[in-house]
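Enquirer: Here it is: the structure, laid out below.
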Amino acid sequence: MTLALIPLLPLLGALIPSLFRSRNLNALSAGAIAGISMLLLLLQAPAVFNGEMPLASWSWIPAIGLNFAFRVSGFGFMFAFLILGIGLLIVLYARFYISADDPMGRFYSYLLLFMGSMLGIVLSENIMLLMMFWELTSISSFLLIGFWSYRTDAREGARQALVITGGGGLAMIAGFLLLGHIVGSFELTTILAAKEIIHAHHLYPITLILILLGAFTKSAQFPFQFWLPHAMAAPTPVSAYLHSATMVKAGVFLLALLFPVLSGSSLWFYIVTPVGLITFMFAAYMAMFKDDLKGLLAYSTVSHLGLITLLLGLGSPLAAFTAVFHILNHATFKAGLFMLAGIIDHETGTRDMKRLSGLWKYMPITGTLTMIGSASMAGVPLFNGFLSKEMFLAETLEPNLFGAFSWIVPLGATLAAIFAVAYSIRMVHDVFFKEPFTNLPKKPHEPPHGMRLPAEILMTLCVLVGLFPMTLAAPMVNMAAGSILGAATPDYHIAIWHGLNMALAMSVIALAGGAVFYLQRLRLFDSHRWCMRYCDGKATFEALIRGLVQGGRTLTGLMENGSLQRYIALLVGAVFVLGASPFFGSSVPFIGPLAMSSVDPVTLIMGLVLIVCTVATVVNHRNRILSIIMLGSVGLIVSLSFIRFSAPDLALTQISVEVVTIILLMMALHLLPRTTPVESSSVRRGRDIGLSVLAGGGAAALMLAVLSRPYDTIAGYFLENSKPGGGGTNVVNVILVDFRGFDTLGEITVLVIAGLVIYAMLHNFELTAPGIDALGRPWVQDRFPMILAQITRPLMPLALLFAAYIFLRGHNEPGGGFIAGLIVASVLILQYISSGIVWTRPRLTVDNHIIMAWGLVIAVLTGVGSWVIGYPFLTTSFTYLTWPLVGKFEVASAIAFDLGVFLAVVGSVMLILVKLGSMNSKDAEIVSASVQKAKEKKEGAH
Amino acid sequence: MELLFSICLGVMIACGVYLMLRGRTFPVILGLTLLGYAVNMFLFVSGRLHTNLPAVISPERAQYADPLPQALVLTAIVIGFAMVAFVVVLALRASGELGSDHVDGRKENES
């Protein structure tokens with residue numbers, strides 16, 4: 001558990017620094033959390049240095065092979081140590097760097113979020129888990145780069161970094177999934193033992209390329225290098241931490257981690273080596289000409305990452321060993337240099353090397369530290385950078401790398417080393433020496449000691465490791481490399497002096513060449529201007545993004561022009577194409593083998609009437625009243641057809657829904673225009689007719705194809721178990737309240753939500769109905785016909801009794817809660833229609849909301865009741881009681897559920913119709929008042 | 001019988017789609033209702049056309065109409081009503097807010 005806490009603690013504690021207002025508490029809490037993680041990590045040290053690998057694993061989602069599993073390998077330990085060690089220094093540094101105007105708590109929260117995610121990457125045992133942490137680092141990097149979100153460059157840089165690393169992350173997910181597929185496990189231990197299986201698999205090349213894409217984007221390798229220099233818009237602690245020491249190393253970490261299983265093929269060599277070499281040279285070249293201190297360091301970082309990639313590409317164990325060593329060295333000196341660049345920026349107000357000069361007099365300590373870091377970066381002997389660079393140069397001389405072109409690698413390496421020396425000299429000489437400065441925003445002075453301390457620690461380490469590599473660095477590097485390479489670990493002695501050899505000669509050439517290069521820099525500055533303009537990927541990136549957005553907008557504009565008519569046309573067309581396409585080129589006959597049954601005359605006539613009414617609805621759709629009548633007829637014939645084809649329940653439901661639907665449409669019509677103007681062009685109408693005929697023809701053909709085929713149903717189960725299991729003989733009702741009770745619960749919930757939404761939409765909404773009809777005649781004034789009112793009042797108790805009957809018999813005979821609910825709703829609405837809202841409202845005081853809500857509550861409680869007696873949700877229990885007079889009587893819990901359905905239906909239907917009707921009524925009253933007034937005026941005139 | 005039924009269904013679908021493609025809200029509502037009928041019929045008849053089969057279980061009968069599509073369609077009818085009601089209210093609200101009953105909220109004088 002303590003192992004899992006190492007990454008989890010910073011993640012879980014990420015919010016804590018935001019809780020404090022005091023800046024010291026912000027920093028302290030962040031430092032404490034990182035410190036505890038560090039202690040937990042050090043607890044693992046004895047085991048790890050012993051060659052063991054502590055593991056902690058919990059099953060998370062076993063179905064997809066995702067385990068919550070962590071491991072501390074030697075390499076992981078070294079990385080975690082780097083992350084936490086430099087992290088602690090950054091926490092201290094940022095306390096002084098982040099100004100009082102910035103939200104420091106938020107900064108530390110992001111920082112901890114990043115720290116935890118990065119630790120997760122290096123300590124994950126499961127690669128799916130690793131992937132999650134990987135994406136988290138992209139996100140936290142995005143947040144940190146964009147920390148000063150009011151700055152355009154920060155926002156652009158953050159977006160660019162997220163797109164590039166996130167895009168690479170997507171490729172990597174695919175690569176990991178393939179890797180897991182090949183090996184059959186997502187556990188690193190299993191994967192690392194499966195080199196032969198992976199190499200032999202036909203998916204190996206694509207897996208490798210996808211994973212490399214992820215690693216290269218993260219580690220800013222060519223051609224994805226450009227995001228890193230733009231990420232320098234972040235506050236300097238972030239650049240020092242994420243964009244030099246840790247996050248950008250995640251890519252090379254992954255390469256090194258999977259080195260044992262992925263490397264060793266020519267594909268690996270021919271991709272990784274050239275990418276590393278090009279990045280190494282190109283970025284070193286670019287770094288020379290950057291006037292911005294951080295820009296210089298950023299390109300230098302890219303270059304060093306290229307160096308590490310190149311080493312891993314070479315593929316020999318010693319090269320991998322050197323890569324590990326260089327990761328450590330680079331993190332030390334580059335994080336320190338970034339901090340120093342931040343100090344210079346902080347104390348002078350600029351980091352433009354054209355303006356900075358002669359700072360030595362004012363900042364001697366900072367100057368000394370910068371010199372140490374730069375010397376290490378350039379590879380000057382006695383500093384740690386020299387050691388790994390020397391080993392690297394020796395590795396490039398390995399013969400037969402590229403056959404006849406073997407000289408390319410050492411030549412390129414030497415050239416890049418020359419550039420590195422040149423930019424290192426520039427960083428020291430331009431900033432601290434040359435002529436005295438003339439226009440600096442602030443008068444420079446040494447920073448507070450707390451701000452300098454982290455850089456002092458790191459630079460001291462650079463010197464000490466440079467002087468005593470065997471004591472200080474070798475154990476860690478041996479352990480880390482050992483955990484990657486296993487038995488193949490070279491028995492290597494890190495030393496300052498390896499005798500007079502080729503590598504030393506290359507180092508000397510680099511140092512001398514670099515000095516010459518620096519002296520000639522002014523001439524070079526002119527000749528490289530074109531490069532600065534074209535080699536920055538940002539312009540290309542922005543152009544690409546712009547193109548994508550433009551393309552997307554054009555496509556959206558075509559598909560989604562804001563017209564419902566176009567959407568529906570596209571939808572219908574697409575459904576037709578999708579539905580019809582499988583039938584083309586299929587050898588199966590479209591019409592199935594079953595013979596058709598004969599048609600009886602009544603059915604034929606009803607079918608024809610249906611067709612006539614349907615077509616009449618369309619033909620008369622400009623005369624809206626007429627089209628409603630036609631539509632109502634269609635609905636009635638549909639109910640009849642349900643009876644005709646043995647579905648009495650459906651017929652009952654349809655006919656009662658029909659009543660409320662027509663009432664609803666009439667109400668709507670009162671408020672809407674009564675006619676539809678002719679506005680479509682004949683071309684448009686022709687298109688629509690064509691589409692409709694296609695859709696109708698397609699549906700008819702599909703129906704015929706279905707009906708002419710034999711079929712198999714799962715209904716047998718329901719028929720058999722309806723009586724013994726559900727206690728009812730009406731199978732449809734038993735399915736509704738018992739077998740599929742959960743569906744029904746969902747459906748009445750939808751109904752209730754629809755009721756509420758409609759109520760909300762009409763609440764406080766006024767729509768004035770026209771006071772005259774289409775022909776300009778005012779509405780008649782005796783609004784409530786007396787005969788209708790007198791008939792509907794006695795009808796009501798009868799209808800309620802009938803509804804109760806339908807409801808109670810529902811379980812065994814056609815009927816049930818839905819139908820009873822609709823009948824009650826219809827008869828109540830009838831009272832409103834015949835007597836008006838003014839008369840009915842005071843007599844029907846129950847709030848429809850309450851009825852509806854109780855319906856849902858009762859339905860849910862019935863379901864929960866089954867839990868209480870130990871059954872799954874919504875299981876029906878029933879028993880038989882014998883009552884006097886009534887006789888044997890069945891009591892099923894399903895009837896309570898059906899009661900819930902009944903109430904929900906009554907409540908929501910009433911809610912909808914009464915709300916709509918009360919809008920009408922208000923308008924009608926206004927209208928009648930105005931008509932009255934007009935009449936009086938007329939009479940007055942007489 | 002199957003052919004007659006299919007033709008009726010096709011006509012309903014075609015008319016429903018045509019109305020849905022109109023420019024004013026009211027025909028669209030009519031079309032939606034019509035389409036609702038047709039879809040319910042389609043689902044219902046996927047349990048095949050049965051004549052004179054009992055709806056409830058009784059000891060004398062061995063064959064029954066398929067109850068499953070019926071149960072599904074029963075709730076679909078009620079939900080269909082809720083949906084039509086919702087669209088109606090949407091149309092009312094839109095005509096109130098936009099001053100036009102065109103589906104795209106187009107004003108009368110615009111083309």
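Numbering starts at 1 and runs along the chain as displayed.
The backbone N, Cα and C atoms fix where each Cβ goes, glycine too.
Reproduced below are the annotations present in TrEMBL:
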type	residues	note
DOMAIN	A:60-108	domain 'NADH-Ubiquinone oxidoreductase (complex I) chain 5 N-terminal'
DOMAIN	A:124-398	domain 'NADH:quinone oxidoreductase/Mrp antiporter transmembrane'
DOMAIN	A:609-674	domain 'MrpA C-terminal/MbhD'
DOMAIN	A:683-769	domain 'MrpA C-terminal/MbhE'
DOMAIN	A:787-910	domain 'Na+/H+ antiporter MnhB subunit-related protein'
TRANSMEM	A:162-183	transmembrane segment
TRANSMEM	A:240-261	transmembrane segment
TRANSMEM	A:267-289	transmembrane segment
TRANSMEM	A:453-474	transmembrane segment
TRANSMEM	A:567-590	transmembrane segment
TRANSMEM	A:602-619	transmembrane segment
TRANSMEM	A:626-645	transmembrane segment
TRANSMEM	A:651-669	transmembrane segment
TRANSMEM	A:689-707	transmembrane segment
TRANSMEM	A:748-765	transmembrane segment
TRANSMEM	A:786-807	transmembrane segment
TRANSMEM	A:894-914	transmembrane segment
Enquirer: Can you work out which residues elsewhere in the same chain, 6+ from the ends of the transmembrane segment (A:689-707), have a Cβ less than 8 Å from its Cβ atoms?
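Expert: For the transmembrane segment (A:689-707), the list is 569, 572-573, 575-576, 579-580, 590-592, 594.
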Enquirer: Tally of helix, strand and coil residues over the domain 'NADH-Ubiquinone oxidoreductase (complex I) chain 5 N-terminal' (A:60-108) according to DSSP?
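Expert: Counts, helix then strand then coil: 32 helix, 8 strand, 9 coil.
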Enquirer: How about the transmembrane segment (A:894-914) and the transmembrane segment (A:748-765): at least 3 CB pairs under 8 Å, pairs 6 or more apart in sequence, or not?
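Expert: Contact between the transmembrane segment (A:748-765) and the transmembrane segment (A:894-914): present, because at least 3 Cβ pairs are under 8 Å.
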Enquirer: Using a Cβ-Cβ cut-off of under 8 Å, list the residues of the same chain that are 6+ residues beyond the ends of the transmembrane segment (A:651-669) and lie near it.
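Expert: Contacts of the transmembrane segment (A:651-669) (Cβ under 8 Å, skipping residues fewer than 6 from its ends): 624-625, 628, 631-632, 635-636, 638-640, 642-643, 806, 814-815, 818-819, 822-823, 825-826, 829, 833, 909, 912-913, 916-917, 920.
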Enquirer: Tally the residues of the domain 'MrpA C-terminal/MbhE' (A:683-769) by DSSP class, grouping H, G and I as helix, E and B as strand, and everything else as coil.
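Expert: Split by secondary structure, the domain 'MrpA C-terminal/MbhE' (A:683-769) comes out as 68 helix, 1 strand, 18 coil.
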Enquirer: Count up the helix, strand and coil residues in the domain 'Na+/H+ antiporter MnhB subunit-related protein' (A:787-910) according to DSSP, in that order.
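Expert: Breakdown, helix to coil: 88 helix, 12 strand, 24 coil.
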Enquirer: What residues elsewhere in the chain lie close to the transmembrane segment (A:626-645), defined as a C-beta under 8 angstroms and at least 6 residues from its ends?
Expert: 603, 606, 609-610, 613-614, 616-618, 620, 651, 654-655, 657-658, 661-662, 665-666, 669
Enquirer: By DSSP, what is the split of the domain 'MrpA C-terminal/MbhD' (A:609-674) into helix, strand and coil residues?
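Expert: The composition, in the requested order, is 56 helix, 1 strand, 9 coil.
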